[in-house]
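Asker: Have a look at this one before I ask anything.
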């Protein structure tokens, strides 16, 4: 099956208010998640070798400077129409058969383990909203139930409802390959490796994949106030839903959602090579300094103020006064990642609250009541 890689992706970017006449075809150049030189500067499509208008080709020349932070046109805009999110359109007994578009390694050589960005073509038949999850049923039979399929594995979707190609036909997953090492021998035991994560990371373009869902409402991005503050805390692949939020806020031209608030991302990973989508986030930081903040916690490279490893909760503590003030003013706070992240974070928040003369239990209860508290851990 032929497919576009991210570096071949063609998008249409409006360059003035006169949409009917002035459209320019661009190609996002050098999009590579591990290439530190990447900044999605839009280069003119190579078909437009000469400046000016061509017959049957509405192509104009313009400098990159003129296109100050162009946003990408998305379609179909009908995806904005429903008042409620799509839920469980495809159930485990009748999954949808989608197609793998691409699988790309996201991390560098010094990262412990492998994390992949998996793009799936659902052809518009499994629509979803930012913050929802897909279920994946890996091929083969369930070893605990011979003859029955494997259980569904849930993965947070790492793209907006329009997908990485802005056409509403794909969804992306951020998948950490689960590998089991025998504690006695230190050798990998393939028989105990994660069935679904290895299936996804080993997939090839054109492979078929059974998906269910979408599911989940707790991590939906509240859009009733476009000027709200969103504090997003992730460890590892827990960054997936936030990539969707941030692309919607800063990359896509969505007529019904003009974000003017503050998005603040805290991402905890092992080291620099383990950072996920770092180039995208760094680009937003450069283009939208008033609306985006980005703090990384690299546990194997940085020390916290007590000389220990720098975990995401240490970064939260560093900015605790500011975070608590934002929460008092109605900010939403999100947590996504391995469930082991939460005890350390909760302890930190409790300690900070007590130092401020507040009861953390009461504060947490109020945050939940106000629907400001969003947690999805696994």
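Just so you know, glycine gets a Cβ as well, placed from its N, Cα and C.
Just so it is clear, the model here is predicted, and its values are computed rather than measured.
So TrEMBL lists these for the protein:
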type    : residues                                    : note
DOMAIN  : 93-221                                      : domain 'FAD-binding FR-type'
BINDING : 156, 176, 237, 299, 300, 309, 337, 338, 376 : NADP(+) binding site
Asker: Just how many other Cβ atoms lie inside 10 Å of the Cβ on residue 237 (NADP(+) binding site)?
Answerer: 23
Asker: Count up the helix, strand and coil residues in the domain 'FAD-binding FR-type' (93-221) according to DSSP, in that order.
Answerer: 11 helix, 46 strand, 72 coil
Asker: What number of additional C-beta atoms lies within 10 angstroms of the C-beta atom of residue 337 (NADP(+) binding site)?
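Answerer: There are 24 such Cβ atoms around residue 337 (NADP(+) binding site).
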Asker: Which whole number of Å gives the largest C-alpha distance between any two of 156, 176, 237, 299, 300, 309, 337, 338, 376, the residues noted as binding NADP(+)?
Answerer: 27
Asker: Mean pLDDT across the domain 'FAD-binding FR-type' (93-221), rounded to an integer, is what?
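Answerer: Mean model confidence (pLDDT) across the domain 'FAD-binding FR-type' (93-221) is 95.
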Asker: Enumerate same-chain residues with a sequence separation of six or more from residue 300 (NADP(+) binding site) and a Cβ-Cβ distance below 8 A; give 'none' if the list is empty.
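Answerer: Those within reach of residue 300 (NADP(+) binding site), by Cβ under 8 Å and sequence separation of 6 or more, are 270, 271, 309.
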